[in-house]
Amino acid sequence: MILRGMEDSKSAQKRFEAAVKVIRSLPEDGSYDLSDDMLVLFYSYYKQATEGPCNTLKPNSWDPIGKAKWEAWKDLGNMSKDQAMTEYVQEIQLIIETLPVTDRMAELLDALDPFYEIVEDDDDDDDEGVSKAAPLFTGSTNADKDAERDEEVESESKEGNLDDYMELVEKQKDLSSTTGEKGSLLVFNRSEENSISSLTDGTHSSLNTVDDEEELVYDGSDDEMDSDSMDKPATPEKGSGVRSVRLADGSVVGANMQHGGNREPQCGSQDGKPQGLISPVPHPPTLGTVRNDRISACSGRERGCQGDGGQRGETADRMDKQAINTQITTILSELEDNMQDVLRRLTTLEQLTASQAEISPSKTWHSDKPKKRLSWWPLNSSPFTAVLTVLWPFAVHWLVQFYLQRRRRR
């Protein structure tokens, strides 16, 4: 038991050392880049496996990376070194499939030989020379084989259904071409339609585009035959009731009154054969006249049916246009009245302004009376100005002297 425990610890240490070498050998700009959380987790397991429980001081707050590493290491508590090594190897096993195979990876795979093997990829060896490590599962190979076998059987059944469907499509096209030459309507087989719908329901989603194209072909053929049926007469059904009118010359006009549908009444022959609007009679001139009359009568009924709705629509449109024209006329008349009122007010204002200008006297800033001038005074200035000019120096001198005397007395 002791020897087995030592062997287990040695194998765990060997795997741990190989895993550490793989992590350290990863390139910084490689195809797979470890996240920060994964790096912190590997760091905590590595420190726990190499140094034991965390007993160091907590880093400063300005070192968030060191703080995260310390907290992850501290959270492991008293985990043993062997358990930390095992956890480290288990974490790297989760991402080993995404790592490139190198020499360090080969050492790790040798240590994990009971669980993994190297699978060489021939296509990648020519370009990169690097292969991936894939896990071996004993039960997965049988499941893959069963899945592949089921896919092959399903694909074969789908191909067979598609072939049957294409044959039905070709038959339908041939049938439509032959019936079109004979001038009769295309009768769609309901059983074939059901079989085609069942086949399309069972096919794979990748065949949807083919089914859509074939459905468009059927829709196009149906539309063509519907348009032909409007121009050509339909075959009269048994028991539908055929009214015949015998003319004076012996010709017969048949009107097929069909019930239970949305189609217009069709003209048919008396003998029930699809031979046009009128059955052939031995009088060609009269036949042509009757055919033209019948066609004109049918077209007249259609125009009459369409004309009722058209006249109603035209009457409603005409009434709407008349109402709009009436509103526009009313608005224009009101606008004209408002403009005339504004012009009338402007004319009155101009007249009032002109009358006020005529009544008010004009103001002048100049005095009407001229200044009186002394005849005996020779100067242009007044005598008072001249006396003041002569006496003001004496007055100033006297004031200065008086001020000085008062100052001396003090």
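Cβ atoms are placed via backbone N, Cα and C, with glycine included.
In the shown protein chains, 27 other C-beta atoms lie within 10 A of the C-beta of Y45 (acyl-CoA binding site). Marked as acyl-CoA binding site by Swiss-Prot on the basis of similarity to another entry: 23-32, 43-47, K69, Y88.
Residues of the same chain that sit 6 or more residues outside the coiled coil (326-355) yet have a Cβ under 8 Å from a Cβ within it are not found. According to Swiss-Prot, the feature coiled coil maps to 326-355, an assignment based on sequence analysis.
The compositional bias 'Acidic residues' feature in Swiss-Prot is assigned to 119-128.
If you look up Swiss-Prot, you'll see 12-101 marked as domain 'ACB'.
The region 'Disordered' annotation in Swiss-Prot covers 119-165 (among others).
Look at Swiss-Prot and you will find 221-242 (among others) tagged as region 'Disordered'.
Taken from Swiss-Prot, the feature region 'Disordered' applies to 254-320 (among others).
Sequence annotations record features per position, and here Swiss-Prot assigns transmembrane segment to 382-404.
Per-site Cβ counts within 10 Å over the binding-site residues I23, D29 peak at I23. Within 10 Å of the Cβ of K69 (acyl-CoA binding site) there are 19 other Cβ atoms, across all protein chains. If you average pLDDT over the domain 'ACB' (12-101) in this model, you get 83.
D29 (acyl-CoA binding site) falls within neither a helix nor a strand when secondary structure is assigned with DSSP, and so counts as coil. Secondary structure of the domain 'ACB' (12-101) per DSSP (helix as H, G, I; strand as E, B; remaining residues coil): 58 helix, 0 strand, 32 coil.
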